[in-house]
Amino acid sequence: MCKKNDTECLAGHHTAEQWAWVGVDSLLFVVILCGNLFTVYVLSKSSKLISNRFVLSLALTDTLVGLTLPYHMAFTIFPQLSVNKTTCILRFVFVLLACCCSILNVTAIAFDRYLAIIHPFKYETLMTKRVVWKVLALALFNAILMSTVPIYWNNWEKASVCELGQVLPRYFLIAVLLPAFLIIWAVMIAIYTRIWKEVVIQAEKLRRTNICHQCRPSFQVVLLVMGCFTICWLPFLGVACAQAAGYKQWISSSVYKAVLCLALSSSAINPLIYAWKNAEFKEAVHLLLKCKGKHQASVVTIAGNKNFGAPQTQV
């Protein structure tokens, strides 16, 4: 990232490392969009899965995360953007909005699973369409509230470069973002631990011959969800807070970009965890592909009949 007084960098002289990061961001952009748009397509086409609005909302917000990447890459390709206050601040507003929506949707999915497993007989009564929309609206409201803070509270004048750890105020990162993340992280651990314990109890009640075999997949799901969430987001938050605390000289630009890419990659992983591993989702994909194959085969057959002068059957 160019410094405000670095005229050579601002003139557009790019290094090989900068182009490498543009390539990484471009690849991440393609993977995020393809994975999440495919998920949205399957969820919208399947009558069984359309009710799972939290997963659909997560796929849409992760798509939004992917759409912020071109604007983020523009600061590397066109470094002049970093010396303008509006364009610099909007860079963090867009990323914060998309990422906050994604994280809050992940939390909503955890809560939805908790109700479905802990209170299966009350689930339909508790999780109505109105409740779902209220939860999603609340998540969006909180994301907007959090992401718009940099518009009126920032250190752009004092920052030497347009990076999150320098532009956003120290107390916003350490006293607002960090506690919010830790609270969400702790809540998700508590929810998924409770879900796993409930699965163990249900397995014991059913007197399975191999209880460990029944519980292992549930434990693996807990590890997968929390492991990916922690690995993707904790390093970035730690680096951002370290920058805000005054340890900028210890953190290189490459480290900052690496942990940022790792955090954004969670939007590429989420479809795999919350949708593609789902048995109903796999079945829906299979049915869609099967129906598409049959449709193409019927089109080819009709075209062949017309070419060879075969009588056409009216349906």
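Along the chain as shown, residues are numbered 1 onward.
Here the Cβ of each residue, glycine as well, is placed from N, Cα and C on the backbone.
Heads up, TrEMBL stuff is auto-annotated, nobody curated it.
Among the features that TrEMBL reports, transmembrane segment is placed at 20-43 (among others). Under 8 Å from some Cβ of the transmembrane segment (20-43) lie the Cβ atoms of residues 49-50, 52, 55-56, 59-60, 62-63, 65-67, 69-70, 72-73, 76-77, 257, 261, 264-265, 267-268, 270-272, 275-276, 281, 284-285, 288, all in the same chain and six or more residues away from its ends.
The annotation domain 'G-protein coupled receptors family 1 profile' is assigned in TrEMBL to 35-274.
The transmembrane segment feature in TrEMBL is assigned to 55-77 (among others).
Taken from TrEMBL, the feature transmembrane segment applies to 89-111 (among others).
Sequence annotations record features per position, and here TrEMBL assigns transmembrane segment to 131-153 (among others).
Under the heading transmembrane segment, TrEMBL lists 173-196 (among others).
The transmembrane segment annotation in TrEMBL covers 217-236 (among others).
Positions annotated as transmembrane segment by TrEMBL: 256-276 (among others).
By number of Cβ pairs under 8 Å, the transmembrane segment (55-77) is matched best by 89-111 from the list 89-111, 131-153, 173-196, 256-276. Long-range contacts of the transmembrane segment (131-153) within the same chain, counting only residues at least 6 positions beyond its ends with a Cβ under 8 Å from a Cβ of the stretch, are 53-54, 57, 89, 92-94, 96-97, 100-101, 104-105, 107-108, 111, 167-169, 172, 176-177, 180. A Cβ distance under 8 Å defines the sequence-distant neighbours of the transmembrane segment (217-236), meaning residues of its chain 6+ beyond its ends; these are 103, 106, 110, 181, 185, 188-189, 192-193, 195-196, 199-200, 259-260, 262-263, 265-266, 269, 273.
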